[in-house]
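A.B. asks: Please find one structure pasted underneath; my questions will follow.
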Amino acid sequence: KQRKGNKKKRKKMESEVAATAQVTTPRQEAGTPATATGPKTRGRKPKSNNGYQSPSSQQQRSNEKKKKSHKPNVDDKYSQWKTLVPILYDSLSNHSLVWPSLSCRWGPQFEQAASKNQQRLYLSEQTDGSVPYTLVIAKCEAVKRQCNVEACSPFVKKYKTIIHPGEVNRIRELPQNSKIVATHTDGPDVLIWDTETQPDRYAVLGAPHSRPDLILTGHQDNAEFALAMSPTEPFVLSGGKDKSVVLWSIQDHITTAGTDSKSPGSSIKQTGEGSDKTGGRSVVPRGVYHGHEDTVEDVAFCPSSAQEFCSVGDDSCLLLWDARTGTGPAMKVEKAHDADIHCVDWNPHDNNLILTGSADNTVRVFDRRNLTSNGVGSPIYKFEGHKAAVLSVQWSPDKSSVFGSCAEDSLLNIWDCDKVGKKSGRAIKNPAGLFFQHAGHRDKVVDFHWNVLEPWTIVSVFENCESNGGGGTLQIWRMSDLIYRPEDEVLTELEKFKSHVFSCALRKQSHDY
């Protein structure tokens, strides 16, 4: 159902697991509500061939029944998970959002202390049109350990609002200076923002859009999700519905001081040259690359080179590119999955490993040493633990064999390639490689991001359209270190703890006598 501009603020969602802080925006109290559609979800277009056609009305009714029957299972899993929170997590917090967010990213750290660090957090607000779409910069106090109840929930507060010209589908930060971010909307251009110098705006109906610092042009059709920034040079990569991959360099537009994330002032050169009607300067592509036969859904840079990158799309193909050798793919893996491929990530610890997630519910790992230019290539690992389309994947910055995946089944799974094939003494058989499952979300998990500054800490967002009237929820969490630490080390610690408990019990027993 559509929200109206004069509707009162949605009732705050009660905290399920810990103290809850909110990231909210004042709602517009308008006399005449704007004509709008509901907030956008990260939907994917149905394929028109290979058995993935748009369902008929009868199939749609069947799918709705399946969805309704699936909901109790999600709620049951959530209830079971909630009872285990004190055991499974070192820290966890739950924050209700007025509007859903399709993307979440960690920003720079701006204060460091013994017990907690303060860090920026980037979010989007997907409104219904009664207020503008926004890019939100929030402050987050991330605790290092769960010492007590008060330390369990990081404090999240809105710091700055940028009124975005259209929906914010994807956010990516520049590794050389994470105060600079790129965004994708429902258009062909990539927008670059210097979040430090952008003015804070009040999001009300009719307010003019904020002016991006740079506008990257080159796509011939909308580019909505595929977006990446190189870890080695200030290069930007994008893919879109025009089936192309586009590469830009923004090196010439960044000041020398701006390459240091701790430097004050603007990191985007302030000049009026080349400005278009929206105020931002246009940047033309460094290269446009063709090889996909359908929409490009995601892209990723090689961690060691801005000239090498990969892409995936609705043609079920994984393509590897080298900008030094031309505009055609260096390698093309046909049928890398059995359906649309939604996401890809390149291992920051091992340049040979590439991770993909698909609408066929699987996650696969490819070794580029095993790929050939004639389209032959099988994954070295295939992970089957999701019950619905996988929307995002990312390698862990803390261990080379670990990665996360989130999906429309409301789960965020953590996998370890090193655990594949190892025998487990557990009675319940988990999918191969699965060693942690975050079940704290009650609807599809649309995005998540590992924190490179806080080990094993993750931020994740999901749309709880039914349970929160169309809003969203953000969670910041870190699993217990007993789960990921070496087994021998953990067993030794538990034995010491057991001895301590027995010693305390004996002392109490002798005192009673």
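For all residues, glycine too, the Cβ spot is worked out from N, Cα and C.
According to TrEMBL, the protein has these features:
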REGION    1-77  region 'Disordered'
COMPBIAS  1-12  compositional bias 'Basic residues'
COMPBIAS  48-61  compositional bias 'Polar residues'
REPEAT    226-251  repeat 'WD'
REGION    256-284  region 'Disordered'
COMPBIAS  256-273  compositional bias 'Polar residues'
REPEAT    289-331  repeat 'WD'
REPEAT    334-367  repeat 'WD'
REPEAT    383-416  repeat 'WD'
A.B. asks: What same-chain residues lie close to the repeat 'WD' (226-251): Cβ under 8 Å, and 6 or more beyond its ends?
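C.D. replies: Apart from its flanks, the repeat 'WD' (226-251) reaches 170, 172-176, 182-184, 188, 190, 192, 214, 216, 218-220, 259, 283-301, 303-306, 309, 311, 313, 319, 321, 323, 348.
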A.B. asks: DSSP helix, strand and coil counts for the repeat 'WD' (289-331)?
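C.D. replies: Its residues divide into 0 helix, 24 strand, 19 coil.
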A.B. asks: Give residue numbers and ranges for long-range contacts of the repeat 'WD' (289-331): same chain, 6 or more residues beyond its ends, CB-CB under 8 A.
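C.D. replies: Same-chain residues near the repeat 'WD' (289-331) but 6 or more away: 44-45, 47, 50, 223, 225-233, 235, 237-241, 243-247, 337-348, 351, 354, 356, 358, 366, 368, 371-373, 377.
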A.B. asks: Return the average pLDDT for the repeat 'WD' (383-416) as a whole number.
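C.D. replies: Mean per-residue confidence for the repeat 'WD' (383-416): 97 out of 100.
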A.B. asks: How many helix, strand and coil residues does the repeat 'WD' (383-416) contain under DSSP?
C.D. replies: 0 helix, 18 strand, 16 coil
